[in-house]
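The block underneath contains the structure these notes are about, expressed in structure tokens.
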Amino acid sequence: MIQLENIEKVYRTDTLETVALSGINLSIRKGEFVSIMGPSGSGKSTLLNIIGLLDVATGGKVSLNEKVVSSHKDRDLANLRNRELGFIFQKFHLINDLRAIDNVEIPLLYRNMSYKERRKMAEEALEKVGLISRTSHFPSQLSGGQQQRVAIARAIVGKPKILLADEPTGNLDSQMSDEIMNILKELNQQEQTTVIMVTHDKRMADMTDRIIRIFDGRQVA
Amino acid sequence: MIRHLLKLTWNRKRSNFLIMLEIFFAFLVLYVVTTLGVFYVDNYNKPLGFSYENVWSIVMDTQQQSIAPQQKIEKTQQLLLALKSFDEVEEVGGMFILPFSAPDYNNNYRINGRKVSVHINTVTDELKDVLDLKITRGRWFEKSDEAAKANLVVINESLSKELFGDQDPIGKPLFEVGPGEKEKIVVGVIAEFRKNGELAPLTNYFFERASMYDTVNFTLPSQLVIKLRPGTTAQFEEKLVTRLQNTVGEWSYEVESLAEAHRSHLLFYLTPLIVLGIIAAFLILGVSLGLIGVIWQNVTARANEIGLRRAAGATLTHIFTQILLELLLIASLGMLLGVLLVMQFPLLGIIDFISAKVYMTALVISVVFIYLVAIICGLYPSWLATKVQPTEALHAE
């Protein structure tokens, strides 16, 4: 489903060249739950951003559904992010001035959909994460765990085939972390959604099918 | 998308309150300026009704508290003869209220239950030729009118339409008069007479005939207007005043060209527009800077949101449009109360001489102008928003 070939990411300034990723070859199958581990600054998030088409590799090829996408234009990449990918972040990134349901419907705004359809799908997504009773709440009226569940609802509202989670439990206590992991596992098992999760937490990583380890920008396992 | 952005803008109304307030006041002042401007342009496009080129006015001051009518008539006749003896003078007329002068005489008449405001002037037979008035129906005053029993009047088309509609007013009494009062009979209609110039609104106007020999009602005007031959220079003024003083030395004379009076009068009308225009320009400048500031700050403070939207599938065009649309929505909310407020003006007829057409044209111009300012202010911040890197924005603290 996702194929990375010899991925390289180098940040260049006039005087300095920093290698963030080098020689990454990776293949992730449909329905896999993969975690990416590694110390801070090892390149985990950069790798996730390249997989998520938010960042462009300086070398190598990224393929999605057996099509090379690394050379696509902004409009096509945006469309792929919108249809195929869902993102979950450590800091939730909810818009504080919007109610939960309005936050959830954001990805659907970039599709040709009526307001009614959007609302229906957003409600379904909130129901999946157990927050149907909180649709009209603003993020500030929700706990950290609830906010992350809203963020998951936003990530899955468009029914993407791949979920990319960047330390989704990093800001949560262990109980809430478990709740979030259970939701991700459910999505993975029941809906065959491919999940790629960056984490520092070994306990969380052990709950996934496969662990990819990154060290100094290189894949070590 | 608009609905989503409207919610977002509405929910952020507190943080946008000051700029909305600023837009509200700027809109109001701009609307006043635009209304005045549109009103002037609308008036300017209507006919003035007379010609003031090569026409001078002479204000005669008798320098005496009282003067016997017969004596005034004699002296005025001497002056008229003196003026007509100049080769430079084509025609001499008299009138009570000069074009482009501050004084005005108007009366409100109740006709068929309606209040009709009418401006009145008393003029001599020669005025038509001096000011080149255009007769559209009937005739102008003539010497034989001296013997008329009724008061003869010439009205303008506005008054004719107001009082007689599509009917021919010639030979009809202007108003019903009380017992013992002389009837005012319409003998002619002129196209227009806009005494206050091109920028003033159309008014109902009628001229009464001034008799050079009327010692009873004493309608002899104390202001003369002279039509000069083309090419007469300003040096003629000295020659003219000298001749007048030599003729009736105990009176004083003030001579002014109507073209000069026209210029002064235009300034009188344009000054409030210029002052308000400057105030509006400063307010718009303030609004522009405010809008740029708000949006710039928005783009910086909302980098996370922009990054998130990019991750959720927004293209660069989506981001650019969103920032610009938000700006237009802020401007719309700022103007909303102002629009509701100014819509009351034509509905309630607060200023009756300004037509609903002028109000609505000014409203459209003001709204479009504020939107244009908003778009211009938003272009750069919107472009900046497209430069936000989602990877950096989503990892920033």
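The backbone N, Cα and C atoms fix where each Cβ goes, glycine too.
Annotations in TrEMBL come from automatic prediction, not curation.
Residues annotated as domain 'MacB-like periplasmic core' in TrEMBL: B:27-240.
Residues or ranges marked as domain 'ABC3 transporter permease C-terminal' in TrEMBL: B:278-390.
What TrEMBL records for B:17-41 (among others) is transmembrane segment.
The transmembrane segment feature in TrEMBL is assigned to B:266-296 (among others).
Annotation comment: TrEMBL describes B:327-351 (among others) as transmembrane segment. With a cut-off of 8 Å between Cβ atoms, the residues of this chain six or more beyond the transmembrane segment (B:327-351) that come close are 5-6, 9-10, 13, 16, 19-24, 27-28, 31, 291, 294-295, 359-360, 363, 367, 370-371, 373-375, 377-378, 381-382.
Under the heading transmembrane segment, TrEMBL lists B:358-381 (among others).
Residue counts for the domain 'ABC3 transporter permease C-terminal' (B:278-390) under DSSP, split into helix (H, G, I), strand (E, B) and coil, are 98 helix, 0 strand, 15 coil. Packing against the transmembrane segment (B:17-41) from elsewhere in the chain are residues 199, 201, 269-270, 272-273, 276-277, 279-280, 283-284, 286-287, 290-291, 294, 330-331, 333-335, 337-339, 341-342, 354, 358-359, 361-363, 365-367, 369-370: each is 6 or more residues past its ends and has a CB under 8 Å from a CB in it.
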